[in-house]
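Residues or ranges marked as compositional bias 'Polar residues' by Swiss-Prot: 260-269. The compositional bias 'Low complexity' annotation in Swiss-Prot covers 406-421, 497-533, 542-552, 650-663, 842-861, 897-906, 1115-1133, 1376-1386 (among others). Sequence annotations record features per position, and here Swiss-Prot assigns domain 'Collagen-like 2' to 487-545. Taken from Swiss-Prot, the feature domain 'Collagen-like 3' applies to 546-590. Annotated compositional bias 'Pro residues' per Swiss-Prot: 615-624, 1029-1040 (among others), in sequence order. Swiss-Prot lists 765-774 (among others) with the feature compositional bias 'Basic and acidic residues'. What Swiss-Prot records for 805-862 is domain 'Collagen-like 4'. The feature domain 'Collagen-like 6' is assigned by Swiss-Prot to 1099-1156. Taken from Swiss-Prot, the feature domain 'Collagen-like 7' applies to 1157-1172. The feature disulfide bond is assigned by Swiss-Prot to 1571-1603, 1612-1733, 1655-1689, with sequence analysis given as support. Residues annotated as Ca(2+) binding site in Swiss-Prot, with similarity to another entry given as evidence: 1589, 1591, 1592, 1594, 1597.
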């Protein structure tokens, strides 16, 4: 066996299994190769290969972006050893001070670490927090940051740690840890970095291992002889002649790699070990005691550079290749070669001050070496007085521990911690039902499957340890670090295997609303709903803008003392003081190895007088902070004067999210889940604060004596033995060289001032020692000269808060702070004193509408004025109904600042906000405790205030808040645009009688009739119409007050009147609209009712309040002048039906209205109930000529006949010819009241007949049903404003009345333009009614006299000539329902007149019963395809709305289960022509309806010609749906049935086409976008093959896929199996385009694909590597989205199935596959790809 292999196969001498004392459970445990555990051979990001310490070695170069970590449990599944060795071969960048390896606990506490540089630090902290940071070992005087290779070993045993560097220098430091130290292995181990530390390791590393026990650290030095190839060295003469001569028990144990493979060639290879006993090169004989660690009090520091002399003179014949240890200049900038190392002489000569030492430690004394025990003689005499001990730098003399300090204050509660770590996976669920059988795959051609050659792996290791929830715990540990050390996002972690199919779940909640459908036809206007309930009180509005700075306030009282300031910067080490005088003589003590602290020296010379700072209040010192890392030495900056506080900067944007709080408590462990894959290494966690030391556990009981073990190997020389017998005092030795600076001792008491010595030469500055205890306060010194401005130091670690100090003086008024969070409502404060009235401010914008004020008392009646040009305004009418709340006005300008109110009660503590970035420096705080005196710097100039800091970065989104309470309804939206005019609605049922209309305008006076005979005095006639307006008469006496009138119709809102005087302050207004939802706050307690506030300034005029109770009738005012025409108001909402009014006087006929537009025929309504008998109607117009019948004699009126049964429909008769108009018949006798008939079926519309001649004007008939609502008229000109009325006397304020119930709105009629109002005549006294005089002779016409009194109504005169068409009259209000008139004799049926123009739209009637479904209107052109929007957030649950009216029929739903046969229904009307079926039999003509009232003559509107759409792929030509003989030209008769059938057929076909577009069926002509869309539209579809078209263009590129509805609607595409590189085809074998796959990815959220390959006898094949569609390499080792679904190769049978399930949709489908063991011979089998399935 060759003496040396490559140096990267470092032969680590491992402890023997026999007789080694290691930590429990670690006997024979293997070493841990940290580089391999961190996957260095696979070269992760930031790592590349480099040359090692020997040219042929392999090392790894680590750059800054590398992030290398792994769960600690993965490396140490059995726990971390108590005693261990840490071995490494490393080369760092010159000048670097960075960690090499750090181990963190689950709580993020740094437990173990090794930091390289100058100096070398070893970090250790066990579970009890020991040792404290100041006691952690630091190896000063060593520098490993020189850019050269170093072999470093660290041995930790007991209470000490030993560092061995290059086998030349060995330093031991105490490690005061607990007796049973335990390190937590549930955390993470990180290479080359620390959490929240900028310094990272940069350099090369060849070996890094952790070995249980300490022997490996010492044995590693024996391998110095096993250097690079060709560098074999001679052995010293005192060593054994040759390795081959050793006994088998003397062979050293070595750590090997297979020599025929490189570390990176086989990723799955494991280290294996052969154990050889160690050999020792010691000149002593006999047995060697076991290794003993030094006691905590002793310090062992052996610098063996003198013991291992340079070797140039001893090795002149050894030739080393020039590249053996050459440092690469291009890497770190240093060149040259190191001198070769030769064999060392491990023996030393004996002298006065020397003992025999080996390379590995001190040798044994003669007594110990031979006998194993020291024989003690009699006690010697008392020795002479010892010399004073000289504490040289480098020595550490530990004094006794000080008394326990007082307990610190309870710290403030920490911010809310992050969520705890994810618990272990739960128990496996019960197996689900068996899935549906998959469809049979297409049989592939034999032997043409894709064959990818496999190769067997040459070796296989055992399965790794179980890692249950390491990744989740590591993430929880490292959450704090992800903000500070945010690297590129790592790959997603492994997911567990999918469980079996579960039981079907309960029905899910209602899904979200689908996409908005096309706009339907506009429905009829619904009734106005009742007024809604008053909304809840809105939330407080957003905080106002920042106000202007107020005037400076009065200086306040002194505030409480602030918290102690941050610790000051550490001062420089002072110069060495003069040598103290010898102390008083002490008693002679026994000579010890290391003496106790010597007698205290004389006090040193007093230092220069320092400046005395202002004395601050004594604060209680906080506990010591965590020791920070030693930064690079910088120049000491001088302390500048305190600057004045600068003006506050602009408000910055919210800073980034602060660091999370401390880790929450670990939850209880869940039950152990199935074994998961090893998790990816987590990010490093942050430095946690040191934990409090735990209580020392009770000592355990002494164990039983164990059996004697076998003879162990020859041990190493132990540490220093116990004190021997006092020897003879030796001669005083030569003065030794100055040692390194030691730790400063405790400050002694102030001694007597000595004489001033001469100024010595300033010495060189030593290294910074640890910070000593605080010195006493020195006397006040004179101020020094101003110094230079120093650099700004780094921000120190904030100390713990101290006690609050005393109250300081009140500071000046600061600038307004940022608005705070809204606190809870405080209790009502006391009423403040009334302030002086301020000056009148500018008129603010109109505020929100307030509630109705209390009704004021009636004002005093004004005096009657004379007839002026304009009378005073009339009495105020009753208030109208409450209108809707107006939109809130714009925010007014900020008023002047009010007086300070009484302080409210403190609100509840708010939730802790996110920590922002460090803001700009604040104003100076209270003077903290006196810091350590620094060097007196020169005084700097006074600085200017700094500019405001830049705005912080945008904060990260916070965690989700608590679910807020239900918000108030938002403000009403803006009115939408007018939709297209809808079809005419169905006629409603007859409305209830409305209120009586007002009197009509006076008609034209008719011609005087011939005088009739004098009649007897009849009953008093009805009041006649008003005559012409006479001249104004004299004012009559005051009439009696009239009875209270009916409530009038709400008047229109008049113009805004002149500004009135200041009114009494109104009550609080209604809440405004809901503001934007704020942060959810907790419900506060209800506050108390406050006292009334001060009188406010005059408010703007409020809107009309709700109607109050009717007031007393006031006196009749003087007639006012006629006002100008008002502006017609907007149409009011539909009011409730009013109570039946008294019968009004008969009005005059209004002029006929304009001709309306033609309406579509509506379905016949149900027959209404028979009304009461009405008055006889006027003679009707001449009817159409009927068929000639035989003239019969008029018989006497017969008794009323009974109601006959409904006869069967007659056959369709031929249309008769139009006859000439018949003679007007006499009005028939009133017939009996008939019973209510059943609803008749709709008859076919008759052909229009010619218009008949205009008949004579008849008497007024009964009031007809309200006509359709007319279009709103043009707005009239605005009326002139009336003159301002005189101010009434100010009435006393009335008591607040009970708020009245809101009155029901009255019926709203359309307001027409009001006619000119005549002056009101005086009220005449009622005269007695005289008898009618006799007939007088006709006299000559006299002159036109004054208008006489209104005479009685005369008899109806003959019909006058038809006047010209008048202007369009106003629609009258709904009259009472008239009694039914007598049934007239049936007239002959006339020809059907032409359809009249549609009339004006009448008032909306009451909701009618459900009518027949109307015809579907023509569909509009399809809009452009919109992009699929993102799914919106679910809105807040709205209050349940009233039930809406029946909408138009929806699309046909899925076929339901067949119901039981129903009862035979009545025959329905003939349906429209179907889309594709043959024409049905012609329906029977319905019974001829009674002739309607002839409409006014109008123009015949020709129907528009129907333009058929051009035939496209997705439309159907309507004319093709009819038989050829039924098709008619477009210019045919518009009223013929064939044209309507064609239209209806086209509508049906269009409806089907639209239905297929809205609800695709998955066929080739109606493809869906994805299978998810098919599932949403047709949830009843089974699994199978369907057509999809993801890009929704032309359907020619649609392709067929397999839809797995059972799995939620997956769209699966099958790969081809006849090519060497995978491509994907549809179910018919056609390739799927790249564009279609891209669209399919855009419509999906995840995808998965299975890959399987057969096993062929090997225990495990090499890893399968897959290439995704985006060229990513996918394998279980590199991607968290690839996992083994079934491992058949583990049992050497079946197949192994990998599942790729990824949210990165660009990775699928898989395009190629290969194996990593391609060097092996091929074997049977290939890779079988399953379909790729996309889930939308």
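Keep in mind that glycine also has a Cβ here, set from the backbone N, Cα and C atoms.
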Separation of alpha carbons, residue 1571 (disulfide bond) and residue 1594 (Ca(2+) binding site) (Å): 18
Spatial neighbours of residue 1571 (disulfide bond) that are distant in sequence (at least 6 apart) but have CB under 8 A: 1586, 1588, 1601, 1603, 1604, 1605, 1609, 1610, 1611, 1736
Assigned element (helix, strand, coil) containing residue 1612 (disulfide bond), judged by DSSP: strand
Rounded Cα-Cα span from residue 1589 (Ca(2+) binding site) to residue 1655 (disulfide bond), Å: 39
Length of the line joining the Cα atoms of residue 1733 (disulfide bond) and residue 1689 (disulfide bond), in Å: 26
Listed in sequence order, residues not in 1589, 1591, 1592, 1594, 1597 with Cβ within 8 Å of the centre of the Ca(2+) site Cβ atoms: 1567, 1590, 1593, 1595, 1596, 1598, 1636
C-alpha spacing of residue 1589 (Ca(2+) binding site) relative to residue 1612 (disulfide bond), in angstrom: 13
Residue 1612 (disulfide bond): tally of other CB atoms within 10 A of its CB: 22
Sparsest-packed of the listed binding-site residues (1589, 1597) - C-beta count within 10 angstroms: 1597
Integer average pLDDT (0 to 100) for the domain 'Collagen-like 3' (546-590): 71
Lowest local Cβ density among 1594, 1603, 1655, 1689, which the record lists as recorded positions, within 10 Å: 1594
Coarse DSSP state, helix versus strand versus coil, of residue 1603 (disulfide bond): strand
Distant-in-sequence Cβ neighbours of residue 1591 (Ca(2+) binding site), under 8 Å, six or more positions away: 1597, 1635, 1636, 1639
Rounded Cα separation (Å) that holds between residue 1589 (Ca(2+) binding site) and residue 1689 (disulfide bond): 40
Whole-number Å value for how far residue 1689 (disulfide bond) lies from residue 1592 (Ca(2+) binding site) (Cα to Cα): 45
CB contacts for residue 1733 (disulfide bond) [other CB atoms within 10 A, all chains]: 24
